Every structure is written in structure tokens, then in C-alpha cells.
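The structure appears right after this line, and notes come after that.
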């Protein structure tokens, strides 16, 4: 039934990788089962043979989906099946997309869809790297005009050594989590998070990862040669040189002048006017011309004008030199009721960032294939349409917003205090209110400021900067703090976040080949200078966390009780703790080791909760006098509550110093009495005496102190 499948197995660091095709999804353009030590991802590629007429963009879609059966689980929820992509799935889809997109040729507009499905997972092997390898292999055997294959590698930094594809366990000890992808001679994509490493260490990790992944590229080339799929008969559309010359004659000089306008919206208005006038003039001359083709040629001319000016050493679009950072404006405490806030403005890019403190109960529970985990630091990025002067749909976050939020979070994570140092869940939200390039890095700066304003004891200020590159043959210019146009028209987007002493996050997307180690080194060094400048301005506004948190934030008080007492504080069916939280207006969390965290915005409420917990957990001591309440009467004596949940018996002979015939003659239920603890037997029963309490009091005996546990 099946033709003989093609299988390629090779060693990749400590892992064994297997690529297999020919058995499953034979109606797809290409399909590969990629396996790395029991983590298996099935990747399909489908390309449409015909492009949509008049389409001027490349419709590539990458879907990444994790099936819970891969980990031997059944999904939660009412429907018991997988739903919309999680944040993690969205991020890995972007990770696959970014290095493959620039390898399709200009002019190729056929629709292509990649679907990567995780079908088996080894908890120690993350599925992202093998998903990228599987995608590369599937594209390599698809026959599509794909200028690959690519390799992918994760790099860790453990005990001063670079480690290829570290396991989940090793990553916990690593100071670096870096993913690099590229072809045999070029790095195309880097995504990383670091514990404040130097620029040299980051670059060494990128080069190491690129060198190591050559084994993957070699194996995929051999795999593709064995499959031997015929290449598609696709020919790049012929260039309309006549129309190109006409557009240049009408627009080039005017575009050069338009790009002297430094204000973004005014420049856009002028360029739009030129485009409309050129299009109208050409259509008046020949009605048969394609408007979309005119616009594409006009856009390409814009790109040429800007790039030529930058390579020539002229001032940039907004008048800056190549290594200048735009004007900065930094403000903190801009919103009165938030726990922390900042407004960070860099040129025409602006972020309003807030920090909110919550309890451990507010932590996000993330249900991953490898297990459940809690995240106590959340960072969300919003990019509303008004920030670029447009109208648009407002709803759930798009892929780009999720990706930018994660990048900003990576930049800040290294300086966040541990839950033990700061027992709060922290949520940061960045609202982009203006955008003209590098809004994710503005979010990093604003987040650092808002956290300090909220009193979160971060280890250092963090700033981010976006770098760009324009390269023509052997000439290149590295640009600091790029504008949106420079990002769009350039060859590289290179974002670096870090403190004054090192890098915390690095993201790189390269659109061309030929980016050398020297160019990356120059970009990193130039980024460091820009970062230090931004940090100096930020430190003038706020250089350390405020000494106290906001009056509107919950204050968390920590106390410790005996593990045996946890059940007493919780009560039967949670009755005691529920009553405590309702009556004191606090939030109470109890950990397995007896640590209790009490959160309240009102200090008196917290004190009352602490007092009551101390009462509940206090131990009865022999020889100590307590003030208790008579709980019930019996013929042989009375039961008295001396501590919450702790009753003792006053025998009829211990009520008074004379003979008592009837208990009710001396006591009533609810009456407060002083009693002395005579004995606690082996079964924990407490024997009390009223008459000895009176005698001891007369002798100036010590009355029972409050229970001992102390709260911080």
C-alpha cells in the first residue's frame, strides 16, 4: 500500500533526531514526522499551485498545535477537547514563521500553510526546536521555491559553558535560554532571555548555536536528496521596467524631498499625496495599467530612496545621525489609583505602563503538556489602532501583541525579585499610545519604571533599544533606535534589552544573507551605548524602587505556624478560614510548610486576622491562667473554652473552695471565668480549676499571655 518511507536518523548533540516521510498525509504537498528523543512533531506543508490574481503579498500561515494526548492527558473544560491556541502555542508558531518567511523568493505569492502538531512529548525535550527542524525538512522536500533548509538550536549557559539543546532540568540552572535559526551560511533569527550576560557572551552563544546546527542542515539536505521531489515550475514575474522608469521619473525627486519631513504623519500625508498623483497621471496616460502594480513599484522606489540616502551617510528620515537616540521623556506616578505607573516617550513612540500587585492566588496557572506551573509575573502588551492614527478592530490580542509582550517580559524577568523576596503576583500592562518604531522596547523601559514606582524591588533598571541595518553589497550602516519606516525598509531588526551591566533579552530577525559576526558585534556595541544613554535618563526620574508600596496595594503579612496546626486554621470543610476571611476582609493563603500569607489593604484588618490565627494555633500550657467562656454544663462540672477550638473540664470539685451541690448554682453557659490549667493528659484532655485560679491570682500569678507566633 505504501511506497517505502524515507527515514533519516542523525545525532544532534545529546539527542537522536529522526525525520520520516512517505507514510502519513500523502495528499499534502509534503509531510514529515520529526522526532527528538520521544518528542514527536508531525509537520505538513501545503502550497497552492496558483496564486490569486493581483495579490501583492506572500500569504504564509504557520499553525502550531499541541495535542494533550501527546502527554497522555485528557483536556480539561466542559468540551474536553483542545480549543484556541494558547499563548505558548502562538509564540512557537511565530518562532517557526520568522526564519522561514524571508527564504521564499520575492514575487512568490502562492498561498502556503504549515501545520506543526505535537503528537508525543518527552517532558525533558521541548517541542519547539524539533518543530522548526521538522518544518525545515518538510519545506525542503515540498518542491516549493524555498531557499533553505534551515537549522535550529537552543543554547544554554551553565557553569560558564555553552550547552547545546539543554534539557528542561538543565535550563533551570542556565543563565541563558537562546534559540537561533539560520541557513548554512547565515543567521536568520534569534530569540533569547538571559540573566544579565555581556554582549560578548551573547554573540558567542549565537555563533555557537549557528555552528552546531550545521549538522541539522546537512542531514536535511541528505534527506531531501533521497526523497528527490521535483521542484515547482515557478518563474518569478518579469519586471515591468518601462512602468518602473515612468514611476521613477514622476516620483523619485519628490520622494527625496518628502523624506526630508521629520514628522511622521505629515510625511505620510505627503507620500500618500505623491502616490495618488503619480497613479492618477499614469492611469490618465494608460487606463489599462494595474493600480496595484503601480503601488508596488512606488513602494519599492521609496525603499530605494531611503536606503540609498542612509548608505550615502546622509541624516536619517527624522534628521538624526546613525547612532542617535530620539528625544526621551520619562514620567512616573502618572495615574493616581494604580499601584505603579509610568509614561515613557521616545520620539513618536510612547507607552503608558502600569504595575499591579496581587496575592499568590492571582498567579496565572499555565497548563502545559509537561505539567502545570504558576507564573507570578505577567506582562501584557496592547497595540490599539489609534497609536498609529488608524481605525481598526479591538478585541483579543493578536499574535504580534502576544510576541511583543513576551519579548518585553523576557527583558524584565532577570531583574524581578523571587516570590520569597517579594510574595506578590505582579502584572504589568503596556498600552502603546503612540508608535513609530520599537514599541516593544519602549514597553521594557516603561515596565522598569512602573515596577519601581510600585515599590517592586527589582535588581536594576532595564532599558531596551531596537537596532536596524541597511546593507548594499559591502557597504552597511547600523542604525540605533529605528523608526517604523527604517524597520520596514531595512535588512535587520535587532532588539536588545538589558541593564547597565549586561543583556537580559536579545531578539533578531534578519531578512538577507551576509550578516557577519562583525556586523552583529557592531550592532551589539552600538546598542549598548544607546541603552546606557536611555538608562541615564530613566535614572533621573527614578533610580530605585520606592521604599513602600502604594496605599492602594494589598499588604502581605507573613507568619509561620506548626504544620500540625494547619487543619485547625482551615477547619472542617474550610469553615474556619472562610469565616476568617469574610469577617476580617482579608485574603489568607496557607502553604504546606505552615507559612501563612495574609493580604489586606487595611492594616487593622490584617492585625485582626493575625490575632485570630494566633489564638487558633496557640498551645494550652499547664499552670497558666486563661479567661474562658463556659461552653456547657454537666452534673459533674463545666466545659470551658479557653482558646478557639480548645475546651477543658472544670470538675465540680474545682469550681469553688467549698462544697458545690449543683453546678448551675455557680455557672451559666456563656459566662466568662478565669481558670487555671492543672493537667493535659495523654489523650490531650485538659483539666481546669477555677478555685486554684482565684488562689493564684490572689498570689499575683501571671495571667496567660497572647499566643506566640509573630507576623512580619
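In case you wondered, yes, glycine gets a Cβ from its N, Cα and C as well.
Feature annotations, reproduced from Swiss-Prot:
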- 487, 493: Mg(2+) binding site (BINDING)
- 554-613: domain 'KH' (DOMAIN)
- 623-691: domain 'S1 motif' (DOMAIN)
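For residue 487 (Mg(2+) binding site), the number of other Cβ atoms no farther than 10 Å from its own Cβ, over all displayed protein chains, is 18. Residue environment of residue 493 (Mg(2+) binding site) contains 21 other Cβ atoms, counted within 10 Å of its Cβ in all protein chains.
Under the DSSP three-state reduction, residue 493 (Mg(2+) binding site) is assigned to strand. This prediction places the mean pLDDT of the domain 'S1 motif' (623-691) at 87. Residues of the domain 'S1 motif' (623-691) grouped by DSSP class, helix first, strand second and coil last, total 7 helix, 36 strand, 26 coil. As a summary of secondary structure, the domain 'KH' (554-613) carries 32 helix, 16 strand, 12 coil according to DSSP.
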